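J.: Structure provided below as structure tokens; questions to follow.
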Amino acid sequence: MAKRIYNFNAGPAVLPLPVLEEMQREMLDFHGSGMSILEVSHRSKWFEDVLDEAIVRIKRLLKLDDTYQVLFLQGGASLQFCMVPMNLALPGKPVSYVETDMWSTKAIQEARIQGKEVEVAASSGDREFTYIPGQVKVRPDSAYLHITSNNTIRGTQWHSFPDTGNIPLVSDMSSDIFSRVFDPKPFGLIYAGAQKNAGPAGVTLVIVREDMLKRVPKELPTMLKYTTFSEKKSMFNTPPCFAIYTVSLVTKWLEETVGGIARMEEQNRRKGETLYRYLDSQDYYRGTAEPDSRSLMNVTFRLPDAALDKFVKEATAAGLGGLKGHRSVGGCRASLYNATPLEGVEALVDFMKEFVRKNG
């Protein structure tokens, strides 16, 4: 087998090696079935057990009580931009959003397309989305407040969530779910495309509080209602079985190998601090996010434009992949998701030092 690289892609992203190895072992014969997990029926006991285990582990890891349901949908976070206002808006009430990057802007646009009254409670667009707003003013009659907990393009992250009182929080946690401890109680709904911290592309986690399900209008199309999936345990139609199986293995790894979310957060802080400490110690590379808003998941930085292509090319040749920034902003981005090892971050820092020595 070719040597595995250190994968800093923003998503689809690195998966834990023990998970990949377990998938490899089970690929041709899943639990004595004589079939691959790719072949078993979603109505079989084999897949039922996979689904049940994934739900139990997610609830245990995030400390979700019985008022929350865990659903597995398709369509990515982009479909949730549409489904959230469609399902959770209330007649005569505005829906509130905090705008912190391109993805939250897209969520706002989807709500407006539906004719919802959208209130932008705060925005960091005045400084190119390089920070998380400190003041969030939510109208007291808002149906919900939507935030993007981590912003992959600009490399910013909420380090404490806004206090909204009785107004439910809704969050896109696609890029930092399972990465740190947080209190789920203020959240009416959390959604996350799996392909960064939870599994492969193809499945979207939706964690919804049961009182929010009472808002879902009956006249919505069947496949666009959260209640369709809550009532059928995510199996109204054929679910993305292999992706859910992978999520189950990732959550098993988080529990049994890492030791839970608190331990995962400790590891993520060490990784982030290692790279940020180096960025702050020199002036060739320049971090783009304001220090108090820096993301532990996506570290964004720039270097002289003339050197960018050379940096990315040489890094790739050195086994450091996926460092090119998002096409909308350029620069570089190192995504340090849960499965990224500390030694990978240390190897990146060593490469950056050597690149400066040769080119600075």
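A Cβ is built for glycine as well, from the same backbone N, Cα and C atoms used for every other residue.
Keep in mind that this is a model prediction, so the values were computed, not measured.
So Swiss-Prot has the following annotated:
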BINDING   ARG43  L-glutamate binding site
BINDING   ALA77, SER78, TRP103, THR152, ASP172, GLN195, ASN237, THR238  pyridoxal 5'-phosphate binding site
MOD_RES   LYS196  N6-(pyridoxal phosphate)lysine
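Are these features on the surface or tucked inside, and what touches them?
T.: For ARG43 (L-glutamate binding site), applying a Cβ distance below 8 Å and a minimum sequence separation of six or more within one chain yields MET235.
Cβ-based neighbour count (10 Å, all protein chains) for THR152 (pyridoxal 5'-phosphate binding site) stands at 24. Mapped onto three states, the DSSP output places THR152 (pyridoxal 5'-phosphate binding site) in coil.
According to its DSSP assignment, LYS196 (N6-(pyridoxal phosphate)lysine) is coil. When other Cβ atoms within 10 Å of the Cβ of LYS196 (N6-(pyridoxal phosphate)lysine) are tallied across all protein chains shown, the result is 30.
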J.: Find, for the listed binding-site residues SER78, GLN195, THR238, the residue with the lowest Cβ contact count at a 10 Å cut-off, counting only other Cβ atoms.
T.: THR238
J.: Sorry to bug you, but what's the C-alpha spacing from LYS196 (N6-(pyridoxal phosphate)lysine) to SER78 (pyridoxal 5'-phosphate binding site), rounded to the closest Å?
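T.: LYS196 (N6-(pyridoxal phosphate)lysine) has its Cα 14 Å from the Cα of SER78 (pyridoxal 5'-phosphate binding site).
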J.: Find, for the listed binding-site residues ALA77, TRP103, ASP172, ASN237, the residue with the lowest Cβ contact count at a 10 Å cut-off, counting only other Cβ atoms.
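T.: If we count Cβ atoms within 10 Å for the binding-site residues ALA77, TRP103, ASP172, ASN237, the smallest count is at ASN237.
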J.: Where does ASN237 (pyridoxal 5'-phosphate binding site) sit in the DSSP three-state scheme?
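T.: Once the DSSP labels are grouped into three classes, ASN237 (pyridoxal 5'-phosphate binding site) ends up as coil.
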